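According to Swiss-Prot, the protein has these features:
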type     : residues : note
MOD_RES  : Ala2     : N-acetylalanine
MOD_RES  : Ser3     : phosphoserine
CROSSLNK : Lys4     : SUMO2 cross-link
CROSSLNK : Lys4     : ubiquitin cross-link
MOD_RES  : Lys4     : N6-acetyllysine
MOD_RES  : Thr10    : phosphothreonine
MOD_RES  : Ser95    : phosphoserine
CROSSLNK : Lys101   : SUMO2 cross-link
MOD_RES  : Lys119   : N6-acetyllysine
CROSSLNK : Lys155   : SUMO2 cross-link
CROSSLNK : Lys159   : SUMO2 cross-link
MOD_RES  : Lys159   : N6-acetyllysine
REPEAT   : 181-217  : repeat 'WD 3'
REPEAT   : 275-312  : repeat 'WD 5'
MOD_RES  : Ser354   : phosphoserine
REPEAT   : 376-403  : repeat 'WD 7'
Amino acid sequence: MASKEMFEDTVEERVINEEYKIWKKNTPFLYDLVMTHALQWPSLTVQWLPEVTKPEGKDYALHWLVLGTHTSDEQNHLVVARVHIPNDDAQFDASHCDSDKGEFGGFGSVTGKIECEIKINHEGEVNRARYMPQNPHIIATKTPSSDVLVFDYTKHPAKPDPSGECNPDLRLRGHQKEGYGLSWNSNLSGHLLSASDDHTVCLWDINAGPKEGKIVDAKAIFTGHSAVVEDVAWHLLHESLFGSVADDQKLMIWDTRSNTTSKPSHLVDAHTAEVNCLSFNPYSEFILATGSADKTVALWDLRNLKLKLHTFESHKDEIFQVHWSPHNETILASSGTDRRLNVWDLSKIGEEQSAEDAEDGPPELLFIHGGHTAKISDFSWNPNEPWVICSVSEDNIMQIWQMAENIYNDEESDVTASELEGQGS
């Protein structure tokens, strides 16, 4: 039996390597930018910071990323990394390759430089790290323990204390177990939600300050789910609304003004397997998406949750991340275990296709990023550079990429997400 499994693993590895070679050969035609960087340790989390600096007389801009480490028994860190991204007029040259560093893709005379600027000691791996929108120096992290940690990275030395001691600015209590979901309220400064394997969602207000030492207790604990809560997200336009998704296959919508924390305002059986992630559309107040172990992304309208608006099908395995583009109302991306990051365009739903095109996927599947050879752990849309995405995978690889303009500029469609709201699937 073991030898059969080994044989299957070898075959799969060979297929993955073959696919990667084909992908790499085609990058000049598919991308305007590709930077591949091998991190010292895999990161389970990635998020662009909102700041960008354009050094005078240079053909690149400086961007920053929040990363974490997932080491094998060595000291873990919360990391802020600096990235050089070329200006539009700098020439991208996909043939530039540095196989020693595991890097390729450059532009002009500048290699895509990525360097760790700040490393802060962390207790165990960083399951997820997210900055506070009102003050991006403040970063919350999910740990392998039940605590959620908060760091102001300006108050920590750039190089970590060799003792390995983790010294967060706040320690948020309320959970019994670890988890992944984490969401700051973009309308109420300091209000943080966290999802946990203990079946609950906790809410903290870090402005309330610690009661003793650095400990802040949860302001509310929401107990509606009957299984591991995988993800949680604040609504982007309503300060009191949030959504949560769980292994009980449910999507729940909560209102913090409600008198009860045990029953959501709305709940729906969202998928036929665990629901792993959700994302509210930044432009349309009623639209959200969920991703699931059933290999689909579902589109929802808050005004009628009984009816699923649309199901996006193309992934071959569990979906763990779904994020709307910050720049385009109809653009959504998803990723997960199948090593693929799919970019979807809602405005193309229902378009006619040739039989040949239909074999590649539905009309709304705009792009498949095939550069990863391991499960994708997280990805983030760059808030300053439209169509630039950073994705990280379990094999230490981080990729910063932008699909070729002719792919998304095909013909600009005028359908908005709000026009799709009335159409059920």
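Residue numbering: from 1, along the chain as shown.
Cβ atoms are placed via backbone N, Cα and C, with glycine included.
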Intrachain C-beta neighbours of Lys159 (SUMO2 cross-link), sequence separation six or more, cut-off 8 angstroms: Lys119
DSSP residue counts for the repeat 'WD 7' (376-403), split into helix, strand and coil: 0 helix, 19 strand, 9 coil
Ser354 (phosphoserine) versus recorded positions Ser3, Lys4, Lys155 - nearest by Cα: Lys4
Ser3, Thr10, Ser354 as modified residues, winner by CB count within 10 A: Thr10
DSSP three-state assignment for Ser354 (phosphoserine): coil
Averaged pLDDT score, the repeat 'WD 3' (181-217): 96
DSSP residue counts for the repeat 'WD 5' (275-312), split into helix, strand and coil: 0 helix, 21 strand, 17 coil
